[in-house]
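Database features (TrEMBL):
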COILED    332-359  coiled coil
COMPBIAS  483-492  compositional bias 'Acidic residues'
DOMAIN    238-285  domain 'PAS'
DOMAIN    298-348  domain 'PAC'
DOMAIN    359-581  domain 'Histidine kinase'
REGION    469-496  region 'Disordered'
TRANSMEM  6-27  transmembrane segment
TRANSMEM  34-58  transmembrane segment
TRANSMEM  70-89  transmembrane segment
TRANSMEM  101-124  transmembrane segment
TRANSMEM  150-169  transmembrane segment
TRANSMEM  181-203  transmembrane segment
TRANSMEM  209-228  transmembrane segment
Amino acid sequence: MPIGNDLVLAAYAVATVSAAVLAGVVWRRRERCGAVALAAAIAGAALWAGSLFALVAVDSVVVSTFLLRFLYVGVVVSVLGLFLFILEYTGREHLVTPRTVALLSIEPVLVVALAFANPGGVFFESIEPDPTTPGGISVEMGFAFDVHLVYSYLLLLVGTAMVVESLYAARSLYRGQAATLLGATTAPLLANAVHTLELFGLGDIDTTPIGFVVAGALFAVAIGRYRLIDIVPIARHHVLDTIAEGVFVVDRNDRLVDVNSAGRRFIDNEDETLVGRPIESLFSPASIDLYEALTASPDKSRDVLSVGDSYYDVRVTPVDDGRGRHVGWIVVASDVTERKRHERELERQNERLDQFASMVSHDLRNPLSVADGYVSLARETGDTSHLEDAERSLERMETIIDDVLALTRDGEEVTDPEPVALESLAERAWEHVDSAAATLTVDATATIRADADRTTRLLENLFRNAIEHGRPAAVPEPQTADGSDEADDPDADGSSTIEITVGTIGDEGALEGFYVEDDGRGIAPEQRDRIFESGYTGDGDGTGLGLRIVERIAEAHGWTVAATESEAGGARFEMTGIESERARANRVDSSSK
């Protein structure tokens with residue numbers, strides 16, 4: 001073996017060891033983006049350099065010939081691995097799919113197969129013993145090798161261009177990463193060019209591993225100083241598409257420049273070519289009005305946009321170029337519908353708490369004072385009849401407490417309505433009412449979606465309201481000769497009996513709602529807006545909460561309640577905004593077609 005081979009062996013040994021160590025370091029971080037591909041590339045370089053080291057070290061033409069063929073395993077692995085790493089590093093990891101890897105692996109597999117089989121000398125035209133060369137053999141490359149060489153150079157040049165692009169766009173830490181990565185990818189390329197073009201009179205000495213020594217040093221700097229593998233640049237489109245909010249970039253001419261995936265859902269347009277279009281053609285007039293209001297000022301601004309039942313928090317931020325000139329706006333839209341719903345629910349809860357505190361501190365004080373007075377009288381006089389008066393005051397307190405609790409509970413939103421028969425609800429509610437002086441007619445066979453218990457309470461309160469406040473004024477009773485009443489039953493002649501009717505508004509296929517009406521005194525028009533207020537009552541016996549509870553239950557269902565006049569001149573309460581079960585079934589069927 002010529003003495004000059006010692007230097008070649010040393011270079012190959014350094015390249016092999018450094019590449020093997022570096023591959024191990026990268027492999028330990030294999031869960032990071034691009035680490036597996038980079039480890040494969042460096043391991044391929046170690047295999048390449050190690051094969052050359054063994055080829056020069058051995059003194060056997062047969063072994064050298066095998067090693068010459070085997071080193072191309074390392075060659076193709078290093079080229080493919082480096083290209084895949086560059087794809088991932090530059091934010092193109094979506095291209096690194098099993099299909100892509102399989103397609104890119106076709107050329108490496110063919111190269112290795114041709115290197116070993118070499119049919120017709122297509123890869124190696126000749127392999128002859130030559131003791132003057134470092135490996136002891138002289139090689140003439142064939143046509144297939146030339147194709148492989150061109151393919152590999154094109155692949156690496158494309159990768160280098162992507163790194164250059166990344167370097168141009170990068171800042172700070174990423175700029176250092178990209179610069180060292182550029183050096184690490186071009187060093188083996190240049191070293192291989194020296195060998196392929198037989199520059200500097202080096203003859204058959206493959207200088208590519210020398211390039212890998214330089215590449216290894218640069219990779220070490222990139223990993224140690226610039227945290228390559230630990231921190232890999234994240235492409236802009238990946239960042240934007242992972243944001244749940246809609247992000248829109250608009251230029252100063254009000255044209256859409258960019259939009260993320262979430263933002264596309266705000267646009268009722270399936271056209272993929274949204275960029276470059278005026279925003280007036282993409283958004284509703286209400287959205288454009290809000291945008292114009294928010295961009296009227298050069299400062300950041302925000303507001304809430306209401307679209308149907310949905311609410312969006314819209315934030316607008318001005319964008320300037322590097323010289324401080326205004327070039328457009330960034331608009332971020334967040335769906336805050338759920339937050340608004342919680343806010344409204346909290347407002348309702350606070351209102352109910354305020355009402356509860358008011359009832360406890362005010363409405364309970366009077367009957368409590370009355371009961372206390374009667375108990376004191378009974379204690380002082382020994383007349384137990386005063387205790388009956390005290391008991392009535394306590395019963396009134398119990399009624400007030402029950403109504404306040406019902407008001408608190410029934411105001412919560414109905415989230416799981418069920419199909420219920422309106423007729424059965426009315427009949428069940430009637431059983432819970434003192435109906436001796438009233439009759440009920442149910443002219444409603446519709447099935448609605450509602451909370452059965454709360455709707456029953458709604459009907460109970462309407463029935464009680466009709467019985468307690470809707471009865472006609474008393475008619476003087478005729479008296480007998482001895483001055484007593486003609487009859488003990490005040491309703492014997494039927495003059496004070498009230499008739500209550502429950503019916504539907506519209507037919508079941510197009511149900512609008514239902515009503516409860518009576519033929520009693522009715523409600524004066526000027527009072528109809530006040531009767532749903534907490535504490536409002538037409539006489540001194542009521543708590544003023546019954547109709548407020550009715551309104552709360554209706555609102556919890558999403559219904560609207562209104563007071564009007566019945567055909568008989570009595571009170572009529574209409575619940576609208578109700579969907580029948582049949583109408584819902586028809587809607588579901590039509591939407592599924």
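Glycine is no exception: its Cβ is also placed from the backbone N, Cα and C atoms.
Predicted automatically and left uncurated, TrEMBL annotations should be read as such.
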- In DSSP terms, the domain 'PAC' (298-348) comprises 12 helix, 28 strand, 11 coil
- Task: Give, as a single whole number between 0 and 100, the mean pLDDT over the coiled coil (332-359).
- Result: 81
- Note on the structure: Given the transmembrane segment (6-27), its same-chain partners at Cβ distance under 8 Å and 6+ residues beyond its ends are 35-36, 38-39, 42-43, 45-46, 49-50, 52-53, 56-57, 134, 205, 209-210, 212-213, 216-217, 219-220, 223, 229
- Message: Short question: most Cβ pairs under 8 Å with the transmembrane segment (70-89), which of 34-58, 101-124, 150-169?
- Response: 34-58
- Item | Helix, strand and coil totals (DSSP H, G, I; E, B; other) for the domain 'PAS' (238-285) | 13 helix, 12 strand, 23 coil
